[in-house]
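Working notes for the structure below.
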Amino acid sequence: MTPAITNTRILSSPTTTTTTTTTEDIEKTDPSIERVDIEHVYVSDDPRKWSRGRKTSILCIIFSATIAVGFGSNSFNPAIKQIETDLRATSSQISLIQAMFVVFQGTIPLLWMAVSEIKGRKVVYVLSLAISLIGCIVAAEAKSIGVLTAMRVVQATGSGSVIAIGAATLADIYEPSERGTMMGIFYAAPLLGPSLGPLIGGVLTHAFNWRATFWFLAAILGADLILFIFFFHDTFRCERSLTYQSVLARRATSGTTTTTGNENERGHRHRNKGRQKENEPVQIVLSLVDVNPFPPLLLVLKLWNNIAMLFSSGFLFAFTYCLTYTCSRTLANNYNYDALKTGLVLLSYGIGSILGSVLGGRWSDRELRRLTNANGGRHSAEMRLESTKLAMPFLPLAAVAYAWLAQEHCHIASLCVAIFFAGFFSIWIFSSILAYIVDANPGRSSAAVATNSCFRGVAAFMFTEVAVPMQDSMGDGGLYSFWAGLIVLCELLILLVRWRGQKWREIAQEGERA
């Protein structure tokens, strides 16, 4: 039961607007009482009502940044052999670099998410891109494998925010009926990086050396940083954030206040002790002190539907990350391909992924509209998962096909076809999962997407660490037959959420209200 609060003035940082909040308002913004659709609470300068041109400009800026993030993930894969020679590194050390990069890129967004829910999206984009830019510049001058590893961690620490916060930004400006298409377009950007990254990285390595890939990435990140500083309009509105409102309500009920001048909090309370009238407004300004990623993380993990989808998302991402990494080794060791040829082969995976993301997102919206109309205009987030059924039979088959084509050293054209379809069907499913995670967590979209990034990062870290030993001991045939089995389990989890997810969410909501 929320304690009674009357006439509490809320200074809604970072928007600097002042509102008056009553007990009823606090109850409405309490995350345990979902009496209103928080996604459609009235806000000034509503991002959902911006012009199409303004929304498109936001999408393009985020798209550009996520391309850079995707490029940074895979661009130096074709240069693995050259890095090993130049820095006197082993395959295990290179695997560690990849693993550390992906785990930090996946887990650090939990912190960036928490900051974005208190201080807004723009400050996170600017800070994180600046950090990633510094990591790239130092990595380009690295003289030892230890320095390169550390700078890849710094690079991942910054770049990890873009995908997680980017999905939340799209949720800020687009209605649920549009999100499938927009998420598909958005997620094509980080896939465009991995598709073009190996090719551009291969060209740069072939023409110059592996360091050129980091200088190229630094130039892209620098340009993106300028775009965010001067042209990005913040889409965050604290009234629509359950994380912000829950912290605000907790501060208000505890009577904690924060001042904005040189006065500290304790001094402010001491001077007002005994003379503050009963109805005198209390100023509450949330700051970085209030940043705590764990409460929203735990709220996301309380729902069984979220847990099932997070595991599915994590393993599917680990599959695609493992595929591109081990494929580079296979092409170098078994086909004697140099960096440029490796990049050209991996381009087929990237093209398949981009097509799967865009077409899968549009199909997701189509299925949502169809099922909503069939249900009398009422819809649930789980309806979006209907679109994944079309791709489910084909993804395990693509994994098995690649497994034994690579194992038997078949013609390179057959490998290109196999990894094209592996990319196409995996991202077709993944784009719908990402849109579902946003739709199923209204008011917590950034927390849900950041948690998803964490699961993806941890899963990719684990499988990157074991990929080379498994490939050496089982061959590509055994490794990707194993992956086909895991993919089937992921698909079963998705079907389970399609069947029971709405019921699980309703039970969880009733439990919170009770």
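Along the chain as shown, the residues are counted starting at 1.
For all residues, glycine too, the Cβ spot is worked out from N, Cα and C.
Predicted automatically and left uncurated, TrEMBL annotations should be read as such.
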### Task
From the ranges 58-76, 457-475, grab the one TrEMBL calls transmembrane segment.
58-76
### Message
Same chain only, please: residues at least 6 beyond the ends of the transmembrane segment (346-363) with a C-beta under 8 Å from a C-beta of the stretch. Say none if there are none.
### Response
74, 77-78, 180-185, 187-188, 191-192, 194-199, 320, 323-324, 327-328, 387, 390-391, 416-417, 419-432, 435
### Message
Same chain only, please: residues at least 6 beyond the ends of the transmembrane segment (152-173) with a C-beta under 8 Å from a C-beta of the stretch. Say none if there are none.
### Response
39, 47-48, 50, 55, 58-59, 62, 65-66, 68-69, 72, 97, 100-109, 112-113, 116, 121, 124-125, 127-136, 138-139, 179, 182-183, 186, 190, 235-237, 240, 434, 438, 445-446, 449-450, 452-453, 457
#### Entry: Tertiary contacts of the transmembrane segment (122-140) (same chain, 6+ residues out, Cβ under 8 Å)
14, 65, 72, 112, 115-116, 147-148, 151-162, 165, 211, 214-215, 217-218, 221-222, 224-225, 228-229, 232-234, 236
